[in-house]
Amino acid sequence: MKQITGVYTAPRPHWVGDGFPVRSLFSYQSHAQQLSPFLLLDYAGPHTFTPGNEKRGVGEHPHRGFETVTIVYSGEVEHRDSTGRGGVIGPGDVQWMTAGAGILHEEFHSDAFTRRGGELEMVQLWVNLPMKDKMTTPGYQSITHDVIPTVTLPDDAGVVRVIAGRYEETKGPAHTFSPLNVWDMRLQRNRQLTLAQPEGWSTALVVLKGNITVNGTTPVNEAQLVVLSQQGKTLHLEASSDASGLLLSLSHIAEPARRAR
């Protein structure tokens, strides 16, 4: 069984632009050695916006050498970048942008969401590119909810959406430059399960809502991160309430994580 190496609580929320109140669950400054190639995870919301006419968000800014993965749970986000690509992602959708050699992009609430208002909830994950792929051509994967496979967990413990990597025989639609898994999980109250995890891979669980006990000993609450060892092949989870979270596992990149924008 993988051993817990740390449990971390998100700091107080801060605003990114005027559209995204985020809590940073981890960053490359704090967890690069444990979680590379994952660099950062920001959890935005849930936050209710009133209807308006001016779109909220973040204006044009640069990225290079990594990827951004945006997972929307409620609300709508519109993206445009310097390659001419763009689009709107809504509940259940994922936007996987490869900055590569360099890209300029902007992120705002969609026109429709701006006009009607409502709840916004989303996650943005940054994934480092291996050194050999740092200067790859910028790209964009629009992964709509209908192409993300959903698998029922054993003993009807909940469901997992396989965004990237593989859950048992089910493969996620995202193309990745490094071996990794991104699982979007929903667990039912008072259910438990044991998940197989690759030996030698680092594993992290981000609890977004509810309460999950890890390995029978450690309760993890909303907006907390638990990091587990590379050694071990299983992970035991028990939900004391209906819960949701992201399970991230990765083959570690033994390269320095340099400060990026």
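Using N, Cα and C of the backbone, Cβ positions are placed for all residues, glycine too.
TrEMBL annotations:
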type	residues	note
DOMAIN	21-127	domain 'Pirin N-terminal'
BINDING	His61, His63, His105, Glu107	Fe cation binding site
DOMAIN	182-249	domain 'Pirin C-terminal'
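Over the domain 'Pirin C-terminal' (182-249), the average per-residue pLDDT in this prediction is 96. Applying an 8 A CB threshold to same-chain residues 6+ apart, the list for Glu107 (Fe cation binding site) reads Gly17, Gly19, Phe20, Gly57, Val58, Thr70, Val77, Glu78, His79. Residues near His105 (Fe cation binding site) in space but far in sequence (CB under 8 A, at least 6 apart, same chain), listed by position: Glu60, His61, His63, His79, Arg80, Asp81, Ser82, Met97. Counting other CB atoms no more than 10 Å from each candidate's CB, the binding-site residues His61, His63 peak at His63.
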